[in-house]
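Annotated in Swiss-Prot:
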| type | residues | note |
| --- | --- | --- |
| REGION | 1-265 | region 'Amidoligase domain' |
| BINDING | SER13, ASP146, ILE147, GLU148, LYS186, THR187, LYS188, PRO189, THR190, GLN191, LYS222 | CTP binding site |
| BINDING | SER13, LYS186, THR187, LYS188, PRO189, THR190, GLN191, LYS222 | UTP binding site |
| BINDING | SER14, LEU15, GLY16, LYS17, GLY18, LEU19, ASP71, ARG238, ASP239, ALA240 | ATP binding site |
| BINDING | TYR54, GLY353, TYR381, GLY382, MET383, GLN384, GLU404, ARG469 | L-glutamine binding site |
| BINDING | ASP71, GLU139 | Mg(2+) binding site |
| DOMAIN | 298-541 | domain 'Glutamine amidotransferase type-1' |
| ACT_SITE | CYS380 | active site, nucleophile |
| ACT_SITE | HIS514 | active site |
| ACT_SITE | GLU516 | active site |
Amino acid sequence: MPRYIFITGGVVSSLGKGLASAAIGALLQARGYKVRLRKLDPYLNVDPGTMSPYQHGECYVTDDGAEADLDLGHYERFTGVPASQADNITTGRIYSRIIERERRGDYLGATVQVIPHVTDQIKQFVLSDAGDVDFVLCEIGGTVGDIEGLPFFEAIRQLGQELGEGNAVFLHVTLLPFIKVAGEMKTKPTQHSVKELRSIGIQPDILLCRCEIPIPPGDKRKIGLFCNVKESAVIEGRDAASLYDVPLEYHSQGLDTEILRCFGIDDAPAPDLSRWQGISETIANPDGEVTIGVVGKYVGLLDAYKSLIEALAHGGIANGVKVKLKWLDSEQFEKDDPFEPLEDVHGVLVPGGFGERGVEGKIAAARFARERKVPFFGICYGMQMAVLEAARNLAGVTDAVSTEFSDTGESVIGLLTEWTRGNEVETRKVGDDMGGTMRLGAYPAVLKDGSKVREIYGQAHIEERHRHRYEVNVGYKDRLEACGLTFSGLSPDGVLPEIVEIEDHPWFIGVQFHPELKSRPFEPHPLFASFIAAALHQSRMV
């Protein structure tokens with residue numbers, strides 16, 4: 001049976017519980033253990049698929065089509081363990097299941113209540129489908145004291161009791177603010193956070209204290225005394241220079257050792273952290289720098305592009321260079337000269353998005369890259385905008401539009417109404433529910449012989465993750481190819497365009513999928529590695 005680690009947070013949100021969970025998973029892996037990571041989100045949405053990126057940040061997509069919290073991206077990048085539908089649960093999903101069962105009569109006339117029915121569903125989620133692993137790490141979203149989080153805290157309290165001593169560890173991430181005017185660190189927020197946690201029946205075993213400066217020994221003793229934990233279990237969590245330094249920093253503070261001690265494991269293998277040390281060294285000592293202009297809609301909250309940012313960093317790691325990102329609001333491009341802000345970049349990337357806002361700015365960015373021979377990477381919506389640009393300015397389809405934002409003109413981009421998943425055909429129509437109705441998850445594609453993407457991937461058949469409900473109309477394929485836009489990747493049935501490229505260009509590729517979701521620091525996605533290599537070449541030409 002696996003052992004369970006429950007990660008909670010207090011004082012404020014955004015303390016890095018997701019990163020802490022991912023780093024702990026990586027440290028346990030470095031000792032030879034198998035891990036699984038899960039996220040429990042207390043919000044009432046069934047999933048984050050219909051939430052604004054400004055509200056929630058990125059919506060992460062798994063191979064099996066789950067629209068999930070961005071923390072699952074951290075989990076995958078740090079551990080390499082693919083996440084699934086079974087690794088993210090929300091209050092909305094739990095209540096939906098319970099109400100469905102109640103309507104069927106499954107509760108045999110009982111009064112359906114938060115305890116035991118909601119808490120039992122949460123416990124079932126935590127314990128089910130764990131697989132053959134040594135540790136399951138469960139992160140509870142939000143902070144202790146949140147009303148919506150109470151059923152989750154009660155469920156893990158019960159699990160701690162039911163699993164028994166030595167099978168469950170509670171780790172609480174908290175804040176130790178440093179008051180500059182007073183010149184001292186304050187422990188009261190942490191004490192009150194732990195007091196709140198203990199009031200609902202959970203005694204933390206370990207405190208991961210986020211702070212700006214080292215914790216004085218006296219404060220460590222004080223925290224341990226008032227929070228009822230060992231002094232060695234008060235772990236310092238200072239900001240790291242790089243995301244990928246976090247496992248090394250936490251190991252240096254003894255976090256993984258303390259976790260194993262709490263489980264009664266004193267004969268664990270020593271960790272092999274050589275891979276993490278190598279990544280840290282590469283990031284700290286880059287051999288050059290490239291600037292990538294990212295023309296997006298949600299640049300006001302960079303968490304909306306979390307996986308993209310990391311995938312570009314992985315491309316930099318693959319080439320031994322630092323990747324500097326220049327964020328450009330696509331809507332601003334519609335008001336000002338779109339070319340001027342891009343003059344100093346070595347590559348242009350247009351990421352995914354939805355809706356009409358900023359469309360013409362993205363199209364202008366694609367035109368700049370095509371005409372100036374600057375490396376261009378269009379992802380999902382970005383590929384569609386590159387196709388519209390080519391249709392308008394190369395193929396003469398001057399009124400080319402997407403039905404996503406216009407009903408007039410030639411629909412070069414249209415609603416995706418039918419596609420194949422395995423041996424089944426999925427269909428959608430106008431008016432269907434918005435949530436969970438896109439083309440989601442991993443789908444195969446076939447690459448054209450002799451194409452740039454075929455060379456980049458080094459194989460003819462690939463599988464990538466999708467999240468879209470609009471698609472390039474394959475009926476325009478011949479007309480666009482005659483003008484130089486090659487359809488170099490198609491679905492196996494040849495119906496859905498997956499990749500386009502321009503042969504007479506140093507590097508111009510658009511993909512309908514999201515390659516950033518499968519990039520890892522130790523295995524940079526080949527498209528991002530190649531894109532940064534092209535940008536590096538461009539930087540040495542100017």
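Just so it is clear, glycine is given a Cβ too, placed from its N, Cα and C backbone atoms.
LYS186 (CTP binding site) sits 17 Å from ASP239 (ATP binding site), taking the C-alpha atoms as the reference points.
The Cβ of ASP239 has fewer other Cβ atoms within 10 Å than any other of the recorded positions ASP71, GLU139, ASP239, GLU404, GLU516. The shortest Cα-Cα distance from GLU139 (Mg(2+) binding site) to any of the recorded positions (GLY18, TYR54, LYS188, CYS380, TYR381) is found for GLY18. GLU516 (active site) sits 11 Å from CYS380 (active site, nucleophile), taking the Cα positions as reference. With respect to Cβ neighbours within 10 Å, the binding-site residues SER14, THR187, GLN191 differ, and SER14 shows the lowest count. Looking at GLY16, GLY18, PRO189, GLY353, GLY382, the binding-site residues in this record, the fewest other C-beta atoms within 10 angstroms of the C-beta turn up around PRO189. In the three-state DSSP assignment, the secondary structure recorded for GLU139 (Mg(2+) binding site) is strand.
THR190 (CTP binding site) and TYR54 (L-glutamine binding site) are 29 Å apart (CA-CA, integer value). The number of other Cβ atoms within 10 Å of the Cβ belonging to HIS514 (active site), over all protein chains shown, comes to 23.
The C-beta environment of GLN384 (L-glutamine binding site), restricted to residues of the same chain at least 6 apart in sequence and closer than 8 Å, consists of GLY378, SER402, ILE413, TYR470, VAL472, GLY510, GLN512. Comparing the recorded positions ILE147, CYS380, MET383 on other C-beta atoms within 10 angstroms of each C-beta gives the minimum for ILE147. MET383 (L-glutamine binding site) sits 11 Å from HIS514 (active site), taking the Cα positions as reference. Ranked by Cβ neighbours within 10 A across all protein chains shown, the binding-site residues SER13, THR190 are led by THR190. Spanning the listed UTP site, residues SER13, LYS186, THR187, LYS188, PRO189, THR190, GLN191, LYS222 have a farthest Cα to Cα distance of 24 Å.
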